[in-house]
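Feature annotations, reproduced from Swiss-Prot:
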| type | residues | note |
| --- | --- | --- |
| BINDING | G153, G154, A155, G156, V157, G158, K159, T160 | ATP binding site |
Amino acid sequence: MSSGKVLQVIGPVVDVEFPLDEKLPEINDALKIKESDGKTLTTEVALELGDGVVRTIAMDGTDGLQRGMEVENTGASISVPVGDDTLGRVFNVLGEPVDNGPKFGPDAKRMPIHRDAPKYDDLNNATEILETGIKVIDLLAPYVRGGKIGLFGGAGVGKTVLIQELIHNIAQGHNGISVFTGVGERTREGNDMYYEMKASGVLEKTAMVYGQMNEPPGARMRVALTGLTIAEYFRDVKGQDVLLFIDNIFRFTQAGSEVSALLGRIPSAVGYQPTLATEMGQLQERITSTKKGSITSIQAVYVPADDYTDPAPATTFAHLDATTNLERRLTQIGIYPAVDPLASTSTALTPEIVGKEHYEVATQVQHVLQRYHELQDIISILGMDELSDEEKTIVARARRIQNFLSQSFSVASQFTGLPGKYVPLKETIKGFKEILAGKYDDLPEEAFRLVGPIEDVVEKAKKMKAETDEDSSED
């Protein structure tokens, strides 16, 4: 392969000059620079400047680089390890292990991170629901197999626990694999996530890729592609259903904006890169269902200053099939998962896709909860006595529904002391249908909280009654 020399270094941007009689590296090719301390720095070609000079973006710090250092053209884009050996491991953007585990040798299976989206002929055009076993999601904001879901929520509302439960349920219910990609978030959070997943027993079915906020923009921009490439192997070669978590998709855009400015491109709206829609599309179009398997992506979305018209979240929304909104108000009254049943949405919630019964039950649940929401002001000011009998019934059922939307999680059982429950979709629909019909109006509201299927509610109510009878007989 051809070799050149470092011409200039401007932060994470490295210009490299190649002899005019040698073949220039192509855009997205990886270059290797041997540093004086023996380490190798990888850069990626971003621009050709002419006269044998290319402008590259470094995937690590450029401290210690000097003009004239030798640069080797690898003749290919960055490639990362794939396959079963990646499970339970933590990687950086280059696919190098960062968990103090064994390194991957030259014989390890690898795939380039820059790949085309699947061809139209290879896509699975049937819309299938991906059952998660989590009642509130399956009923009100169902996930599509091969779809993209936006996860919204502030700090401490249970995003991580929900992500872990999804990983657990996909592994148990679908024998699926998960890939967690940390893009531009805090190193401490990545570290905590690793140990929490280890403790909850889901790590061996998960590959983790991190490009944290202290890393150069090149690494943060490409780390999502590294995680996606690992997921694509399990979909295309192993024929599996894969969950791909990206936390946070906004940081992917932010890193692209930094790189764009470093390359001297004229910024677009609000200072973002002019190639924003293209970069987002190249990533999102690779996340899909094929005839072999599927990649379903759950992406945490940070909304700058809560402005949903900002180009970064607005470009992301164009690709989403569903949104799962976590609400702090629900955590304060002990409803976990704290998914807002009225704010969460899904394009799949139509009778043609989920079926007539599911659609009708879901819309009735939303109607009852919306009516309860409207009546809360009256209740807080005037009290329950001012409501009509019909309104009192709606409030009573809405409270039971709200409690029944909560659920005990397997990954949280060590903290709650309650066994986790995977609830099949049929059971979920049956339970809510019977609550709406008034079948359980006589059971206490508390019996509906943090349980699995409706049978658990009946069982819990019996226990509560037995305990009450026991206490009264002792008195």
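First residue shown is number 1, and so on along the chain.
Including glycine, each Cβ sits where the backbone N, Cα and C put it.
Its Cβ placed at the centre, A155 (ATP binding site) has 7 other Cβ atoms within 10 Å. Within 8 Å of the Cβ centroid of the ATP site, not counting the listed residues G153, G154, A155, G156, V157, G158, K159, T160, the chain contributes L326, A338. Just so you know, the Cβ of G158 (ATP binding site) picks up 21 other Cβ atoms within 10 Å once every protein chain is counted. Ranked by Cβ neighbours within 10 A across all protein chains shown, the binding-site residues G153, G154, G156 are led by G153. For T160 (ATP binding site), the same-chain residues that are 6 or more apart in sequence and have a Cβ closer than 8 Å to its Cβ are D192, M193, E196.
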